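Below is one structure; the comments refer to it alone.
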Amino acid sequence: LKSVYSRSMASKTPVGFIGLGNMGNPMAKNLMKHGYPLIIYDVFPDACKEFQDAGEQVVSCPADVAEKADRIITMLPTSINAIEAYSGANGILKKVKKGSLLIDSSTIDPAVSKELAKEVEKMGAVFMDAPVSGGVGAARSGNLTFMVGGVEDEFAAAQELLGCMGSNVVYCGAVGTGQAAKICNNMLLAISMIGTAEAMNLGIRLGLDPKLLAKILNMSSGRCWSSDTYNPVPGVMDGVPSANNYQGGFGTTLMAKDLGLAQDSATSTKTPILLGSQAHQIYRMMCAKGYSKKDFSSIFQFLREEETF
């Protein structure tokens, strides 16, 4: 408890933040709003510019972040990027200080999280996996859900930082369980988004007004997050990617990646995921057909184009 107490006493000491993409950028801004000075690194220098202009410190590699901060949050696209940031030639582990708290909010393979945790532990530091749910909107408003895996004694210290960026911070168990929860969530999200797009498309072809159909679905048993919060049909809802030509949000490539993680996890645990596997193939096909940078709700547009699908 002592380490937790002394950490919170020095609560406004600098926090390292690595990875300032669609999600990392608004997350880092919420830490700033709560008065934390930041030590920033991103592989694309342009991503750091607005933070530098705001007076935050930008360094040239993850190792330099670890040298200047003993609490670091990483928010990276893939397992490979996470391994590089921690274990690479200029990675965090090259200069990590004993007792540091390292929180990875990337969505990666649970096996990789466990491996990183072992390496971090050898250096006398603490690693927790804390992937997020809620998307860019929730990242901006500070309403993310964090699913946290790691040593329970360290959860309070992690919660202090994560609470600045999210409204739900849930302890899931040992390292890797945060990733497990996230992978299951995103598999279900992908399946429900495809289902919502198919149902909306069928209704439209049957002559129903899309707004009316969405309204009926959302007061009926088919209602889900994809239909009531993130509808994939342009013109049904404001403030979602479908209203903005599927720009922003959660890219199709990232959804395909998460479904790949679900597939790997299903294989290693001998779990049947019939619709999960199908969703994986659909999102991979979308990536091959030019949708990779569009939001994953562009499955609706894909269905409209694939007349022979």
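Numbering starts at 1 and runs along the chain as displayed.
Each Cβ is built from the backbone N, Cα and C atoms, and glycine gets one as well.
Those TrEMBL annotations? Automatic predictions, nothing curated.
The annotation NAD(+) binding site is assigned in TrEMBL to 13-41, 76-77, N81, T107, K257. The domain '6-phosphogluconate dehydrogenase NADP-binding' annotation in TrEMBL covers 15-173. Residues annotated as domain '3-hydroxyisobutyrate dehydrogenase-like NAD-binding' in TrEMBL: 176-302. Per TrEMBL, the feature active site maps to K182.
Considering other CB atoms within 10 Å as the measure, the emptiest surroundings among the recorded positions K33, K182 are those of K33.
Looking at the residue listed as 'active site' and K33 (NAD(+) binding site), their Cα atoms lie 26 Å from each other. Secondary structure by DSSP for the domain '3-hydroxyisobutyrate dehydrogenase-like NAD-binding' (176-302): 88 helix, 2 strand, 37 coil.
Taking all protein chains in view, 30 other C-beta atoms sit within 10 angstroms of the C-beta of I18 (NAD(+) binding site). Other C-beta atoms found within 10 angstroms of the C-beta of M23 (NAD(+) binding site) number 26, with every protein chain shown included. The binding-site residues listed here are A28, L38; among them, A28 has the most other Cβ atoms within 10 Å of its own Cβ. As a whole-number mean, the pLDDT of the domain '6-phosphogluconate dehydrogenase NADP-binding' (15-173) in this prediction is 97. Of all Cβ atoms in the shown protein chains, 19 besides its own fall within 10 Å of the Cβ of P77 (NAD(+) binding site). Sequence-distant contacts of T13 (NAD(+) binding site), defined by Cβ-Cβ distance under 8 angstroms and a gap of at least six in the same chain, are P37, A69, D70, R71.
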